[in-house]
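Peer 1: Got these off TrEMBL a minute ago, pasting:
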type     : residues                                                               : note
BINDING  : Gln110, Lys126, Glu147, Ala230, Ala231, Leu232, Leu233, Glu304, Asp319 : ATP binding site
BINDING  : Glu147, Asp319                                                         : Mn(2+) binding site
DOMAIN   : 194-403                                                                : domain 'FAM20 C-terminal'
ACT_SITE : Asp299                                                                 : active site
Amino acid sequence: SKLAALFKHPLYNIPVPKVTEKDKLFIINPMEKFSLRNSGSDEWVSSSKAETLLPTGKTAYDTYPAWLKFHIGINRYELYPRQDPLLPTLLRDLATQRIISSVQKSGGTQLKLIMRFPNYGQALFKPMKQTRDQETPVDFFYFSDFERHNAEIAAFHLDRILDFRRIPPVSGRLVNITKEIRDITTDRKLAKTFFISPAGNICFYGECSYYCSTEHALCGKPDQLEGSMAALLPDKALAKRRSWRSPWRRSYHKSKKAEWELNPNYCAQVRETPPYDRGHRLLDLIDMTILDFLMGNMDRHHYETFEKFGNDTFLLHLDNGRGFGTHSRDEPTILAPLQQCCRIKKSTYLRLQLLATRPYRLSDVLREALATDPLAPVLAEPHLRALDRRLGKVLVAVGHCLAR
């Protein structure tokens with residue numbers, strides 16, 4: 001296994017700083033028992049009178065569902081640990097837990113559903129919109145591109161292989177539109193959009209800004225539909241997140257260019273602006289830039305951080321559905337922050353060099369990681385080959401910076 005060998009490599013075993021109580025998103029006593037507020041609630045509360053040891057000999061913490069342990073484990077330095085024994089269980093839950101509720105997520109440009117499980121976990125479902133081998137048409141603007149379910153799955157695994165670990169776990173899943181969406185939804189607006197197509201397939205389209213119409217309906221075969229299931233982060237009421245506008249955000253206009261596209265010295269003014277004037281925020285943003293270039297994602301207008309940790313924490317790499325749309329061409333402008341600032345974390349650079357070598361080739365380790373997903377093969381082979389080509393271009397860009 002190339003993947004197992006990669007994760008055993010010294011570059012993937014650099015210790016994170018010691019995590020103190022103030023570095024944890026939630027301070028929980030692992031002996032404290034959590035239970036539901038009441039039978040109709042999905043809110044977990046602690047019970048100070050709970051037995052510290054259960055009759056089975058396990059602590060209360062051992063009985064928590066995987067999603068709750070995932071939330072408790074988040075800290076200033078990482079969303080989840082490198083060698084996380086919880087990850088396989090959480091991914092399996094996302095793929096297999098019975099769906100008891102399904103409603104449309106508000107906001108966003110395209111249709112997404114929030115699904116709830118009997119263990120009170122929730123997941124964000126993005127349905128399949130195009131086949132693996134379809135490329136984004138060359139005349140499409142990046143902001144009107146489809147969001148792809150397989151891109152969300154592949155992005156999670158790629159983020160982990162790069163050792164960023166800033167994307168919440170995602171699994172593919174085959175969903176029954178009739179039993180797991182239509183028959184159990186309490187969302188009246190969503191319910192009104194179901195119909196049976198002339199081919200006898202169950203379809204729906206929801207309500208949103210783009211692609212929510214009968215012409216862009218999501219149809220099963222006859223009611224089986226692929227999608228990605230992403231573990232949700234803790235509710236914002238419990239763990240506030242701050243949204244940051246990316247300095248290298250595109251103009252989202254059909255003809256206007258953004259300032260960074262016109263000013264070659266743009267990075268100088270970014271580096272004088274908080275929070276990029278101190279700490280590792282700019283380096284973290286360049287990490288995200290490299291992830292986006294490898295995926296071909298042009299749609300990174302904002303990013304988020306957990307408010308509790310201030311400016312000294314990692315960036316959350318959320319909403320990756322517009323990655324992996326093209327494999328036959330690369331988008332060099334995505335690398336603008338790296339090229340203009342000529343900065344990169346040493347650890348990131350060393351891992352990229354490692355992933356360009358034959359024993360740890362990026363396409364090979366990602367192919368192996370994706371092979372365990374229920375919807376494998378997640379990416380078409382040309383997309384995997386494109387990763388190696390793009391990785392070479394990142395290393396060339398760093399080489400030019402070193403020469404300068």
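Keep in mind that glycine also has a Cβ here, set from the backbone N, Cα and C atoms.
Help me understand the surroundings of these features in the structure.
Peer 2: Sequence-distant contacts of Asp319 (ATP binding site), defined by Cβ-Cβ distance under 8 angstroms and a gap of at least six in the same chain, are Asp299.
Neighbour density for Asp299 (active site): within 10 A of its CB lie 19 other CB atoms from the protein chains shown.
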Peer 1: Taking the domain 'FAM20 C-terminal' (194-403) alone, what is its mean pLDDT?
Peer 2: 95
Peer 1: Which has the fewest other CB atoms in a 10 Å radius around its CB: Ala231, Leu233, the listed binding-site residues?
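Peer 2: If we count Cβ atoms within 10 Å for the binding-site residues Ala231, Leu233, the smallest count is at Leu233.
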Peer 1: Gln110, Glu147: which of these binding-site residues has the sparsest Cβ neighbourhood within 10 Å?
Peer 2: Gln110
